[in-house]
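Take a look at the structure below.
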């Protein structure tokens, strides 16, 4: 039988962006049509207008880029998140920056993830909500992050969970990014290495046991190590090439579906875990 491309339905309310990707694309692309002011020393949270009303088996990556001197937090979006996707934008300079029409490009892509069983809870915490993709990573020691420079933190800790064919990848927490602290997307290999960037004007100290990052176990097919000409790719950081899943993003206004197929049943959520719903910014919330 021919492969059936998974369908992912979304709602779109055009406010700041319009969609540039074709119907049924596997990379949902947007570009701004309204000006966006990104103030110096402040965090700007931009609504994309995209909502996934149904839980899926895929996790998502929200990625933004611009030729202007800004940084967009790479967002890990959990399958159970049903709120509006919002992009966290930070200013690299000491002056306000205006993103004019077509200055900010955003993409939403899907990937396959795994949830391994933990045998050691000292560094990782299992997902908090039903259908969460990310594990919370605790800081093993105190760390001080200086403003406006890369801060490298390394500790000789191997990932306490292993899953065949899946690789642990670190993402920054949206809650901390919303306060000005970002983390470079990176692989957790022989040792834990985190590169922080503090976009505030003050030094920040985080104590041991702070939930500092998200770790997601991404299928290795999304992390090609050789040249791939047949699959489109993008860089989540200079050392991480990412190839997204082949899915079909469909606007429910264009491809209407029956309500029972669109909305998740309460039976999908286990008794021991809550459903995320629209809490937070897609993964780690705002706390």
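For all residues, glycine too, the Cβ spot is worked out from N, Cα and C.
Per Swiss-Prot, the feature substrate binding site maps to 173, 174, 175. A simple way to gauge crowding: the CB of residue 173 (substrate binding site) has 29 other CB atoms within 10 angstroms, across all the protein chains here.
What Swiss-Prot records for 264-275 is compositional bias 'Low complexity'.
As annotated by Swiss-Prot, region 'Disordered' applies to 264-287.
In the three-state DSSP classification, residue 173 (substrate binding site) falls within coil.
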